[in-house]
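S.K.: After the structure tokens below, expect a handful of questions from me.
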Ligand SMILES: Nc1ncnc2c1ncn2[C@@H]1O[C@H](COP(=O)(O)OP(=O)(O)OP(=O)(O)O)[C@@H](O)[C@H]1O
């Protein structure tokens, strides 16, 4: 069996492996890790800049980012490494000295940046649009929303892909030897190859392969672990609460709220409001008066413009014509962030920040927007959570709360900013039926305590019981507005009669 002996001598020459092992660890492994790590760090910095440029509205940022990505992703790594390493050799010598090592890191980093940029971009763009809405409704600027919520969430989602990129850099570092590294700068592959020439067999190279696997295989498992964790984290709904528990939580909370503490509700006046998405006219000449401390329920068929009307009230969308007055002042001249401190909003899909606990969700805008110190913000946040019956769940993340509890955290978050008006956009539509009551009970209580509320709802029973005014919209217009009795018992228009016949 000569050929087996030949193979053994070629690949499993233990003496040759033993001889190269110390150098493989002290020089090769060290250099490979430095090259991979430094180029990944550089790649992350370049990638983040590319991602932010890539999602920018300005073509001056978007187009160069696109070109960069196409070029560095499209070229074979070895071409880039040689072009940078040899093309910039002179400048490199002046900047870094004679060694091509830093240029190798630069080349690997430039290549990695193109891939990491795409990873970041897709991560950031995969963050639910509602997160940005929630940030804006909490009066964060676009930059703050990106920095505090959207980008960190996007990065968290793409952590596995980033680790994969690091693995890619570990492997690509083997190409840098083409630049002619000094002996002390050789990485795993180069040492294996050099020693293979000396020993005349492939054992040192096989050992180099084993070293690559020792670095990359655990990392691959780490990727899977992170991936699983993220998936489990997302799907856990460990709440396990029933509707009865939820209403019970609120009863407990009612005792902690001083029923005499009243909100300082503001007034709204909508005059001749129109709004369009491009050519599509969604609101037409809408007039509406909302008294301080009153509850207005907006009802109407799907697509009639109810949500858009709410979004105009805190300028999440811009109006086309007409005016909106808050306590007599036009909101159109106000800075949107200032306006949104005064008009809070709660969304159908809750839009809580998933990486933050209930307490952090409520406290975030207090520290970041209202500039309260952390202790004071936590005190306020705890009090607001207690008011919505969630004192015992402050440290739960949204994924561990039921839909009803999440919605109550969202209400606490809006309340914490001490708004004069709160807008509710179909806040019970995404809830299981048994969880609806808890949220509606809470909203009715806010109404009793004088909060001005504009509520888009399909809960007709709630509108009849709680509203001071019911507004029926159809095809972008207010068709009828009046007391619940007037709307539900004495509808005037054919359209309202038909709508009520369908929903009641
Ligand atoms: N971002 C958008 N871009 C373009 N059109 C939109 C956008 N949002 C809503 N629309 C359109 O505007 C119209 C009114 O939508 P809006 O969501 O305000 O209605 P709605 O009465 O709240 O409906 P629903 O009860 O189904 O939520 C619809 O025709 C809708 O398709």
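Heads up, the Cβ atoms here are built off N, Cα and C, so glycines get one too.
Automatic prediction, not curation, is the source of TrEMBL annotations.
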S.K.: Transmembrane segment per TrEMBL: which of the ranges 33-55, 125-147 is that?
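M.R.: That would be 33-55, per the transmembrane segment entry in TrEMBL.
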S.K.: What range among 176-195, 196-215, 216-235 does TrEMBL record as transmembrane segment?
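M.R.: Checked against TrEMBL: transmembrane segment maps to 196-215.
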S.K.: Transmembrane segment per TrEMBL: which of the ranges 1-20, 101-120 is that?
M.R.: 101-120
S.K.: So if I exclude everything within five residues of the ends of the transmembrane segment (101-120), which remaining residues of that chain have a CB under 8 angstroms from its CBs? That is, six or more out.
M.R.: 34-36, 38-51, 54, 65, 68-69, 71-73, 75, 77, 80-81, 83-85, 88-89, 92, 95, 154-155, 158, 161-162, 165, 168-169, 172-173, 176, 179, 181-182, 185
S.K.: Let me spell it out: take the transmembrane segment (196-215), skip the flanking residues so only those 6+ beyond its ends count, and list any with a Cβ under 8 Å from a Cβ in it.
M.R.: 9-14, 16-17, 19-21, 24, 28-29, 32-33, 170-171, 188-189
S.K.: Residue list, the transmembrane segment (33-55) vs rest of chain: Cβ under 8 Å, 6 or more residues beyond ends.
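M.R.: Hits for the transmembrane segment (33-55): 61-62, 64-66, 68-69, 101, 104-106, 108-121, 123-125, 146, 151, 162, 165-166, 169-170, 172-173, 176, 187, 215.
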